[in-house]
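Look at TrEMBL and you will find 499-522 tagged as region 'Disordered'. Positions annotated as transmembrane segment by TrEMBL: 52-78, 84-104, 125-153, 159-178, 190-209, 319-350, 362-388, 394-415, 422-441, 461-483, 576-596, 608-632 (among others).
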Amino acid sequence: MAGLQILDPSAGYGITIGIGLAFAVISNRYGSHNTFKSTEEFNTASRSIKPGMIAAGIVSSWTHASTLLTSCTLAYSYGVSGGLWYGAFGTFQTLFFAFTAFRIKERSNNAHTFPEIVLQKHGKIAHILFTILGLIANLIAGAALMAGGGAVISSLTGMNIWASYWILPVVITCYIVVGGLRSTFICDYLHTIILYACIFTFMFQIYAVNPDIGSPSRLYDLLKSAEKKHPAASDNGSFLTVKSHAGLVKAVTILLGGFSNVWTDQAYWQRAIASSPTTAVKGYILGNDMLRVTLSKADVSAGLAGPAAIISLMGGSGAYLFIVLVFMAVTSSVSAESIAASSLMTFGVYKSYINPKASVKALLWVSIGGLIIYGVALSTISCIFHAAGISLNYLISILACLIGGGALPMAFIVFWDGTSTFAAIVSPIVGLCSGLISWMVCTKVRSGSITIATTGDVYNSLTGDCVSLGMGLVCIVVLSLLVPDKKTVVLETIDGQDVPDSEEAERKNESGDFPNNNMENLNEKGMEATTTSDPRVEPHKVLKSSMAEAIKPVLEEPAVPMCALTPEEVRSQKRLALIALIVGTLGFMIILPFTLYGTGYVFSRGFFTGYVVVAFIWAWASFLICVVLPLWESRDDMLYVIGAMWRDARREKVHHTEGH
């Protein structure tokens, strides 16, 4: 949109190149963790990230370029319902995955990637399938991020959009090579700081200081006036009601796409894997407000409603602020996608099937090579999508159709011990094929032709989304019951240092090398059973699929325990995750939005003012958790960095990495 360009192209190039390289230099100079000391540090941040930083990472992950631009687009199109639905459904995904993070620490703490969890339970064929699915999800998610970020940067600065598709991955790859996964958390944290700075700037600008608005009451009057000239896509044209059938349908497509992406995108699993064993991630909601600016359908589809509103409010300063926000969002999210794809290539392909006895040095070089391969692939597919006219909104709409077939099967693999290997292999394939067929058939029947425009229709894409997820669910349950696994009893330790295969376990069991070889110790569910006081040390009996394979530890590195929680921690973490999931889902996803939707309530002036006040309170509370808490947790490291900068200023050369 030419009307949005109020900055020079040099500003676009300066921000995209300068900020990214600055982060790389700072991380390399003052980072106290040596990225190249081990694959554990490079790919999992030594599994030591603290709760506050994990919370900041979760906020940053869900507040990526797609979220920023899509939520603004929903608010622009549907009014208050757009932001409310987006926040409500996003809360459900976050809380649900918090429970998943607990499950990983309980059962698969030694995994580097989510396909390795599949390998532990269902063997190599299922592992290969989910590795491919994960790489596809990484590419699609990355392309969506690039599409949104590239559109905004190009629109505001005039920077060549083709150049942005290549420059961004190069800068991000350089940053990750220096800092590894820990650098993505640092980037997440910096992005979160900028995010809250922008949120508070925009909120105070709109509700307190802007001469054209300046208060919730004035904005209420403007929204009432705007609906007469440019009605919202709600049932009565009001921007102040949640009653919007079209908005609900669009929100469901985003929920299905986001839910599918969470389960098949390694970037989200990476945060659960990287967390310390007792870390619990809490949910959050971000609200959205809007101003009415006349945009074309293409501008709205590209996600330009947000920057257009900010420019109308703050002019050039708003443009600078928004472009930095979007750049940080793209950097944070694409860096997470990049290292996730690299982990899949390193542990899912190279170490599993090419060189199982690879050294730490070899794995680190493969990880770096994976970053480069992913960066080139991402730039290429982003250019292809742009040339084909595939926008951010289009990719968000079809996400569940393309990867949803494997989402619920992956959830069942994590949570249901009765999932069979046959079902784990077949269900994602059936779900994908069914979703694609139904999507194309519905498009042809409803729209008469199959084009980019018709396949992106919300009802056509929703059909494919629902069928893909639904068939995955039906198949994983039915096939697990019809074709159950052949289970075998194996003996193993869960400290990660002695995990024999089935034949070796049975041989040692018969020879009496293992204690507790009394079958009565096996519980009725076939899971951990032992009479020892410390199940982490003593071998114990486990009932596994005959196809299951152990994750081989990396040579030259200490083994990572399969279970990182004590029985007391298991109970407390499970209780916390379940309570948060139930309360959050009932309150934020069902009771609040559907009550407002069902009654068709139009916000009164007082209710709207209260809505704004709650948004302010929520934003400040979230700020304390995601910005202040990580500072407190990392106060020692922060003092070191400040000291290192002071020593640099005095030209001293003794650093933490030399003797700390």
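From the backbone N, Cα and C atoms, a Cβ is placed for every residue, glycine too.
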Quick check: do the transmembrane segment (319-350) and the transmembrane segment (394-415) share at least 3 Cβ pairs under 8 Å, counting only pairs 6+ apart in sequence?
no
Between the stretches 125-153, 159-178, 608-632, which wins on the count of C-beta pairs under 8 angstroms to the transmembrane segment (394-415)?
125-153
Whether the transmembrane segment (608-632) meets the transmembrane segment (190-209): three or more C-beta pairs under 8 angstroms:
yes
Top Cβ-contact partner of the transmembrane segment (461-483) among 159-178, 190-209, 422-441, 576-596 (pairs under 8 Å):
422-441
Count the CB pairs under 8 A between the transmembrane segment (159-178) and each of 125-153, 190-209, 362-388, 422-441, 576-596, then give me the winner.
362-388
Look at every Cβ pair spanning the transmembrane segment (125-153) and the transmembrane segment (422-441), keep those 6 or more apart in sequence, and say whether at least 3 of them are under 8 Å.
yes
